[in-house]
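Undergrad: What TrEMBL shows for this protein is this:
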type	residues	note
DOMAIN	16-158	domain 'Lactate/malate dehydrogenase N-terminal'
BINDING	GLY21, ALA22, GLY23, SER24, VAL25, GLY26, ASP46, ASN111, VAL134, ALA135, ASN136	NAD(+) binding site
DOMAIN	161-320	domain 'Lactate/malate dehydrogenase C-terminal'
ACT_SITE	HIS191	active site, proton acceptor
Amino acid sequence: MDPPAMDPNVLSSRSRIAILGAGSVGSSIALCLILNPVASEVILVDPKVELRDAQVKDLGDATTYHGAVGGGGVKIRSGTHKDAGQCDVIVISAGAKQRHGESRTDLLGRNLHILRSAINDMKPFREDAVILIVANPVDVLTYFARKFSGLPEGQVLGSGTFLDSARLRGILAEKLDVDAGSVDGYVLGEHGETQMVAWSCVTIGAVPLEQCLLPNTVLDRKAIAKETREKAGKIIQAKGATAYGIGALTGSICKSILFDQRNVRPISHWIEEMECCLSLPVVLGRKGVLRTLRMPLNEEEQASLAESASALRGFISDAEKIP
Ligand SMILES: NC(=O)C1=CN([C@@H]2O[C@H](COP(=O)(O)OP(=O)(O)OC[C@H]3O[C@@H](n4cnc5c(N)ncnc54)[C@H](O)[C@@H]3O)[C@@H](O)[C@H]2O)C=CC1
Ligand SMILES: CC(=O)C(=O)O
């Protein structure tokens, strides 16, 4: 169970979060941070200044009646990349999004270029800043953000498969007729095509999955993994983007960091022996990733995770060749 939250009015008076990219995702994250405050100030940064300022004005309307709509007096304002470099948490949702039929890795060339220039524009970083990558392909960009920023490796992380794990939990909850909060299960590896479900470790309220099936039912694990993996594509096909799920989950990662909550989350980060960034469960606190938790995966799952890492190393190596 998550530890009780600290009083947001105490902590929020001291912390600042910058969001790079004031598009669909950045503005959803900002709204979540207004309704569920974890910092006193949220700063939006985007080279499209008209869009950025309009988003700030629109979001500002959500901060006024905070007693009525939730939240607690968060200030939202426009800022520069230099301002962002001095914030406690810097969320990077700057970059192109997939069009229908594109994969996340198709965005690599465009978004790597944006990441490099955004990081250069933010320097020098505040020493204890935590960079949280949300833009895609999130694992590859997390690898390069670590390299470009020069920040300690625990302080550079990506939202990774936190969103996929939330999707998996939702699907399982429905099939098992339990609350999603009681489903403990993770999608690991790449936030993308090679992701894998750690089926052997899924529990429902600490009870192994197989003992929780409804009478006369079987779980089609392959179909559930596919539904989880393909959920984003289906939403993008219908409405052009996904934003609310990642908005809420990014807000919650910011809270884990700023309130030093020590929650366990599947988060993309540097894994030395795999020579890439991918998602494994980590303990999250004010210094970012405090430690990685090793799951007792079976042989087949270990092989799938190794395949995901190998694919990610391939993308990194391709990206190294981009001028
Ligand atoms: N990790 C995840 O689970 C998810 C990731 N995403 C990713 O988030 C990214 C953003 O998606 P949307 O908000 O829908 O796109 P969008 O196109 O609505 O917004 C992107 C914004 O980034 C801005 N931008 C470009 N260069 C910038 C720079 N140097 N500094 C600051 N801002 C800059 C653009 O001007 C634009 O306003 C995409 O890469 C998308 O694939 C989206 C959903 C979930
Ligand atoms: C777009 C994306 O990465 C997602 O919704 O999973």
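The backbone N, Cα and C atoms fix where each Cβ goes, and this holds for glycine too.
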Undergrad: Sequence gap of 6 or more, Cβ distance under 8 Å: name the residues on the same chain that satisfy this around ASP46 (NAD(+) binding site), in order along the sequence.
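TA: Result: LEU20, GLY21, ALA22, GLY23, GLY26, ARG52, GLN55, ALA94.
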Undergrad: Can you list which of these binding-site residues (GLY21, GLY23, VAL25, VAL134, ASN136) have a Cβ closer than 6 Å to ligand 2?
TA: ASN136
Undergrad: Are there residues of the same chain, six or more positions away from VAL134 (NAD(+) binding site), whose CB falls under 8 angstroms from its CB, and which are they?
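TA: The answer is VAL25, ILE29, VAL91, ILE92, SER93, GLY158, SER159, ILE246, THR250.
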Undergrad: So what sits near ASN136 (NAD(+) binding site) in its own chain, CB-to-CB under 8 Å and at least six residues off in sequence?
TA: GLY95, LYS97, GLN98, ARG104, THR105, LEU107, ASN111, HIS191, GLY192
Undergrad: Around the C-beta of GLY23 (NAD(+) binding site), how many further C-beta atoms are within 10 angstroms, looking at every protein chain?
TA: 20
Undergrad: Tally every other Cβ atom lying within 10 Å of the Cβ atom of VAL25 (NAD(+) binding site).
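TA: I count 27 other Cβ atoms within 10 Å of it.
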Undergrad: Summarise the domain 'Lactate/malate dehydrogenase N-terminal' (16-158) as counts of helix, strand and coil residues per DSSP.
TA: 67 helix, 25 strand, 51 coil
Undergrad: At its widest, how many Å does the recorded NAD(+) site span between Cα atoms of GLY21, ALA22, GLY23, SER24, VAL25, GLY26, ASP46, ASN111, VAL134, ALA135, ASN136?
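TA: Per the listed residues, the maximum Cα distance equals 17 Å.
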